[in-house]
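The Zn(2+) binding site feature in TrEMBL is assigned to Cys100, Cys103, Cys136, Cys139.
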Amino acid sequence: MVREEDILQKLESHQLRKTAFRKEVLELFMASEGEALSNQELESQLDNPDRITLYRTLKAFEDKGLIHLAADSGGISRYALCLADCTTHAHHDQHAHFQCRTCGKTICLEGEVVIRAQAPAGYKVERENLTLEGLCDECI
Ligand SMILES: [Zn+2]
Ligand SMILES: [Zn+2]
Ligand SMILES: [Zn+2]
């Protein structure tokens, strides 16, 4: 059970307006216990799902360091609550993700990830992203 005061406090500390919709979306993330959620999963759990509002809400949450893109495959984006001290200015989520190839369940993994690969000169890396793929404990 997620406490309302924790939801409000999180929105406030990330300088987000406390609308009913945002509270509801954040509650779903806080209740998901490290599991990443797709737009579709969020929509199916919202009382009043509005695609555009949800899109804007996710964008705002990401911009303010509240959630991060955990997986982006097969045309489905999944977002997870930030664990580290992400802020309005920067994400510090240097972790890998695990994605189940059967059910798509995606979770944040513990442990720091160091990527030694180097992009060619003149290239600009925008996101470091390591995904371990396989089967989750329910699909194995
Ligand atoms: Zn983050
Ligand atoms: Zn699975
Ligand atoms: Zn993550």
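Cβ atoms are placed via backbone N, Cα and C, with glycine included.
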Cys136 (Zn(2+) binding site) CB neighbourhood, other CB atoms within 10 A: 17
For Cys103 (Zn(2+) binding site), the number of other Cβ atoms found within 10 Å of its own Cβ: 11
Binding-site residues: Cys100, Cys139 - member with fewest neighbouring CB atoms within 10 Å: Cys139
Extra residues within 8 Å (Cβ to Cβ centroid of Cys100, Cys103, Cys136, Cys139), Zn(2+): Arg101, Thr102, Gly104, Lys105, Leu135, Asp137, Glu138, Ile140
